[in-house]
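Among the features that TrEMBL reports, transmembrane segment is placed at 25-47, 59-80, 100-119, 139-158, 196-215, 236-254, 274-292. TrEMBL lists 40-289 with the feature domain 'G-protein coupled receptors family 1 profile'.
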Amino acid sequence: MEMVLQNSTDFILLGLITHPTFPGFIFAVVFSIFLVAVIANMVMILLIHTDSHLHTPMYFLLSQLSIMDTVYICITVPKMLQDLLSKEKTISFLGCALQIFLYLTLIGGEFFLLGLMAYDRYVAVCNPLRYPLLMNRRICLFMVVGSWVGGSLDGFMLTPFTMSFPYCGSREINHFFCEIPAVLKLSCIDTSLYQTLMYACCVLMLLIPISIISVSYTRILLTVHRMNSAEGRRKAFATCSSHIMVVIIFYGAAFYTNVLPQSYHTPEKDKVVSAFYTILTPMLNPLIYSLRNKDVATALRRIQGRCTYSQKVRAADVSKKY
């Protein structure tokens, strides 16, 4: 069996827990989170698309975040769930490359999108009269396309280099998906130079959106501080608080993964942090925005009211017929 694995181009994913005692329980928990994340993000996308009150730049960008989160969780969790129930935990060379590319594209896209969402909040709070001009439909589309393209550049650069290294000996990836640091540990040659360049690339990708977020919220805080109206301050805080929470959660995990030196990393810690931002974050993002945002909650109630009214009308029509 060992010789077969060494001669094969497939990899083996050892999973979040290498030898789980209760795989069925882990499957149930992860599947529940996956289901909640997908449903919550799809509901968010449908709400923003169908409710005219949410046809604003902020919610357009939020819908793109939900799309990214939905795709993001779907590239890692289904394979993880399959491996929990299967003895064969293999992933093909091409499948691993595709997983790396999509993962890098989506995480990079979210980095840029969250930065641009901070700029949107800056314009809304600091330049409300110019908001329709500075955040028109064309600029919003440019922001979204820029986020996807910026993220894909990272995927196009790092995926071919990562998969071009010779992988001999063990094919066992100590992870639940093909994350680059875990894959590179299987390489036959020294990859330290490449990992240093990759580290610099990731730090640069983090610095650009973090700079936008820092400048935007610094200007927002200065503007809020100068406000005389308590109601104005409350509205400004309400419109920014959800985004700040999402940024802290997402960038906190990204900081550990991409900025902290390797001496701080262990396979177990890496898997836990990766599970946090690949499984939990896509579930938390729509919940944070729906629970802390009155517009979304109101839109949800309006949709529920329409559904209830439609059911009553159908029931009345049926009773008239009989």
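Counting begins at 1 with the first residue displayed.
Just so you know, glycine gets a Cβ as well, placed from its N, Cα and C.
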Positions whose Cβ lies under 8 angstroms from the transmembrane segment (196-215), at least six residues beyond its ends: 108, 111-112, 114-116, 118-119, 122, 150, 154, 157-158, 180, 247, 251, 254-255, 258-259
Long-range neighbours of the transmembrane segment (25-47), counting only residues six or more past its ends (CB under 8 A): 16-17, 54, 62-63, 66-67, 69-70, 73-74, 77-78, 80-81, 84-85, 279-280, 282-283, 285-287, 289-290, 296, 299-300, 303
Among the ranges 59-80, 100-119, 236-254, the one whose Cβ pairs under 8 Å to the transmembrane segment (139-158) are most numerous: 100-119
Same-chain residues near the transmembrane segment (59-80), Cβ under 8 Å, at least 6 residues beyond its ends: 13, 15-16, 30, 34, 37-38, 41-42, 44-45, 48-49, 91, 99, 102-103, 106-107, 109-110, 113-114, 116-117, 120, 140, 143-144, 147, 176-177, 246, 278-279, 281-283, 285-286, 289, 295
Integer mean pLDDT for the domain 'G-protein coupled receptors family 1 profile' (40-289): 88
